[in-house]
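**Student:** Pasting a structure here, questions to come.
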Amino acid sequence: MARTRSDSLAAGGLNWDSLPLRLFAGGNAKFWDPADIDFSRDRADWESLTDLERDWATRLCAEFIAGEEAVTQDIQPFMAAMRAEGRLGDEMYLTQFAFEEAKHTQVFRMWLDAVGITEDLQGYLDELPAYCQMFYEELPASLDALATDPSPAAQVRASVTYNHVIEGMMALTGYYAWHRICVDRGILPGMQELVRRIGDDERRHMAWGTFTCRRHVAADDANWAVFETRMNELIPLALRNTEDGFALYDEVPFGLTMEEFQQYAADKGMRRFGTISSARGRPLAEIDVDYSPLHLEDTFADEDRKSLAASA
């Protein structure tokens, strides 16, 4: 694509109050280095777990690291779509987004190495058909589509797939599982720190996805139907992934139940509809500086903290 001008030189400069650049500034302010996390106690805690507990937790970690790797590879077309749309602020934020996904891949791999898990883990995912469909089919297809079709509808479908369902349901449910494993037992402090750091990054990622869907719905109400349709296609698949995981175990460790996690995931998915629908008919200028997408993710985080504290 030939370049004819530089947006950063435009009169008035960049709108630092726009949500994408607010997220970008937030990521800069909260930068963290995986090498600074202390995993030294995690090895002893890991070895104190039963074989069943280690197997369940290894599968959970395998799902996370493979997901982080997938997004690191697949997010590039969204950057190109933002460039095609002339949205420098979004493109700047997505460069940070991609860097953070690569960093998340790094830190999960560092944790696996620290606790001594070096064998091939692909088999843990091969037993999860819904997971494989989501990450090996739905995610790359929806994001790759942006390379040839960067339209608002295609952006909404891609954002729903990753930001709303994969991050907004599946990943949040996985973080909840790690909290239940680690905090309830007072173990794996390195993993606790890892999850806290990643969760903070991904709240910004989800907020950007919500913002992107909101601005497209505000601009054209037809995109609301695109959002609804894609959510209704993928929510059952996300819930089926939880079923697949629990079905592999005659005995589930750590006192976890499928019903608890299904309810948690479904709640996070369904509450996203209201945030997107509230943008219908709104002026685009308002959407650009409306921070409700970030407030929603902060609300979810606060609810989790209170719930986990009450159950401790």
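Cβ coordinates are placed from backbone N, Cα and C, and glycine is handled just like the others.
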**Student:** With GLU167, GLU202, HIS205 listed by Swiss-Prot as binding Fe cation, identify the candidate in GLU101, GLU119, GLU259, GLU260 belonging to that site.
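**Tutor:** Only hit among GLU101, GLU119, GLU259, GLU260 in Swiss-Prot's Fe cation site, alongside GLU167, GLU202, HIS205: GLU101.
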**Student:** Per Swiss-Prot, which one of GLU63, GLU68, GLU138 shares the Mn(2+) site with GLU101, HIS104?
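**Tutor:** The record-listed residue among the candidates is GLU68.
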**Student:** For GLU101 (Mn(2+) binding site), list the number of other Cβ atoms lying within 10 Å of its Cβ atom.
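**Tutor:** 23, counting other Cβ atoms within 10 Å of GLU101 (Mn(2+) binding site).
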**Student:** Measure from the CA atom of GLU202 (Fe cation binding site) to the CA atom of HIS104 (Mn(2+) binding site) and give the result in Å, rounded to a whole number.
**Tutor:** 10
**Student:** If you take the centroid of the Cβ atoms of GLU68, GLU101, HIS104, the listed Mn(2+) site, which other residues of that chain have their Cβ within 8 Å of it?
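**Tutor:** The answer, listed by sequence position, is GLY67, GLU69, VAL71, THR72, GLU100, ALA102, LYS103, THR105, PHE108, ILE198.
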**Student:** Within the chain of HIS205 (Fe cation binding site), which residues six or more apart in sequence place their C-beta under 8 angstroms from its C-beta?
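**Tutor:** The answer is PHE97, GLU100, ASN163, GLU167.
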**Student:** Which residues, sitting 6 or more apart from GLU202 (Fe cation binding site) on the same chain, put a CB under 8 Å from its CB?
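**Tutor:** GLU202 (Fe cation binding site) has long-range Cβ partners GLU167, ALA171.
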